[in-house]
């Protein structure tokens with residue numbers, strides 16, 4: 001187990017006032033009520049499943065079939081990916097892209113094809129040089145004015161630029177250049193290109209949640225005159241089949257949550273189990289990860305309760321035995337806790353006990369020990385923040401960052417996400433993850449800094465809480481906006497680290513790395529306009545509605 005810190009001496013006396021005023025939190029109740037308790041009665045009928053299989057084979061054949069040129073091949077693969085069905089054809093797509101990588105045709109060198117090829121190959125780990133874009137610059141080093149009329153090319157360059165890594169100045173310039181010209185052009189474009197551009201300016205492919213983006217692109221793709229009818233029909237059926245599976249999972253989780261009765265027992269805590277499931281379905285949506293999704297949703301739900309206990313209700317005196325109990329991970333510790341803490345402590349241990357039972361048949365109990373240790377470290381970091389708040393202590397920015405990165409919970413979620421994966425995860429995977437590799441560091445920075453900006457900018461943090469933005473402003477004598485800009489630069493740098501870690505050869509299989517990529521994507525979607533989890537913003541409501549409530553008309 002992780003080393004104990006709950007008895008660590010503090011630098012100043014701590015209050016022992018039994019009547020200490022508790023932190024105030026006033027979270028809105030769940031906007032979903034009991035809506036997801038029951039799964040829709042209508043199952044996928046046998047005829048639809050048979051049609052799904054027929055279309056799947058048709059699409060598979062089209063992926064591997066020769067096409068007139070690489071542009072057509074790239075565009076078809078891109079459509080398969082953006083419609084959310086590429087998980088069915090992983091090997092076929094990889095083989096086709098490897099062939100394209102080794103057989104580049106310079107004759108197809110327009111901006112659209114160059115950018116699309118660059119993006120798809122980068123997405124799959126190929127180290128394509130950004131020098132391929134130099135031919136679109138003039139002698140002064142600026143992008144040629146002639147490319148501004150090629151909206152499709154600009155859009156692809158814009159999307160490709162989000163795959164950039166450190167030192168690729170031309171792609172940093174491309175983001176600004178394409179954003180400016182696409183923003184100017186969008187109002188004069190015809191549908192569906194206008195919708196593609198408008199949506200892209202709000203959400204890039206690289207940083208969007210695959211299922212949310214697939215749901216949106218389905219509505220765009222069907223309006224493209226040259227769309228492939230078999231692919232479109234397959235994607236629609238596949239979306240509805242996945243939606244039904246996800247609804248069944250969420251119904252099961254909601255029943256578990258309702259039985260815990262935390263709304264009554266812990267009224268200070270956020271009731272966000274539906275949003276938690278949406279978060280985790282962003283981490284992995286594929287059918288083979290059903291068990292992992294359910295386990296990880298329960299973990300994020302309990303982590304949210306633990307967070308609110310530290311941050312929104314418990315006194316520091318109560319948090320000492322609470323942290324100690326989590327460190328010891330023993331149900332016997334429950335007798336040392338205040339009455340209101342007992343239900344959540346028992347539920348926390350029960351979630352991990354169930355996890356152990358579920359993975360035991362495959363001899364994977366060792367994975368749960370890593371997951372427990374990650375949760376313990378999270379609780380220890382929460383205790384440090386609670387001590388700072390009690391003492392009204394303002395740490396330096398670097399001191400704050402060292403503790404705040406673990407408190408965002410992303411290292412814990414990344415490690416725990418591996419528990420529910422198959423044989424691709426090994427003991428070496430957990431040893432690697434426990435050593436804080438760059439991609440987990442990067443996704444954690446994205447989470448922490450986006451959360452900090454959102455909480456401060458949209459006033460989502462209590463006045464007595466220690467704020468990273470306030471620490472930075474005070475230490476460096478800058479305005480709030482200047483601090484936001486610095487934090488956002490850290491986020492952009494972290495995204496470059498994420499992209500770098502996908503370039504072959506990689507430390508870990510892509511499926512392992514995808515967990516951290518998708519965790520970062522969740523933050524980009526939910527926290528760009530405030531804390532979309534706690535305050536259930538437009539992105540969360542829209543995503544949950546489109547992915548879990550509204551089926552696609554066939």
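Glycine residues also receive a Cβ, built from the backbone N, Cα and C atoms like all the rest.
Swiss-Prot lists 307, 311 with the feature Mg(2+) 2 binding site, giving similarity to another entry as the kind of evidence. When secondary structure is read from DSSP and collapsed to three states, residue 307 (Mg(2+) 2 binding site) falls in the helix class. If you draw a 10 Å sphere around the CB of residue 307 (Mg(2+) 2 binding site), it holds 18 other CB atoms from the protein chains shown.
What Swiss-Prot lists as Mg(2+) 1 binding site is 307, 311, and the listing cites similarity to another entry.
Under the heading Mg(2+) 3 binding site, Swiss-Prot lists 451, 455.
Residues annotated as compositional bias 'Low complexity' in Swiss-Prot: 1-16.
Per Swiss-Prot, region 'Disordered' is recorded for 1-21.
Positions annotated as motif 'DDXXD motif' by Swiss-Prot: 307-311. The average pLDDT computed for the motif 'DDXXD motif' (307-311) is 95.
DSSP classifies residue 451 (Mg(2+) 3 binding site) as helix under the three-state reduction. A simple way to gauge crowding: the CB of residue 311 (Mg(2+) 2 binding site) has 20 other CB atoms within 10 angstroms, across all the protein chains here. When other Cβ atoms within 10 Å of the Cβ of residue 455 (Mg(2+) 3 binding site) are tallied across all protein chains shown, the result is 20. On the backbone, the CA of residue 455 (Mg(2+) 3 binding site) and the CA of residue 307 (Mg(2+) 2 binding site) stand 15 Å apart.
Taking a C-beta cut-off of under 8 angstroms and a sequence separation of 6 or more, residue 451 (Mg(2+) 3 binding site) has the following same-chain neighbours: 408, 523, 527, 531.
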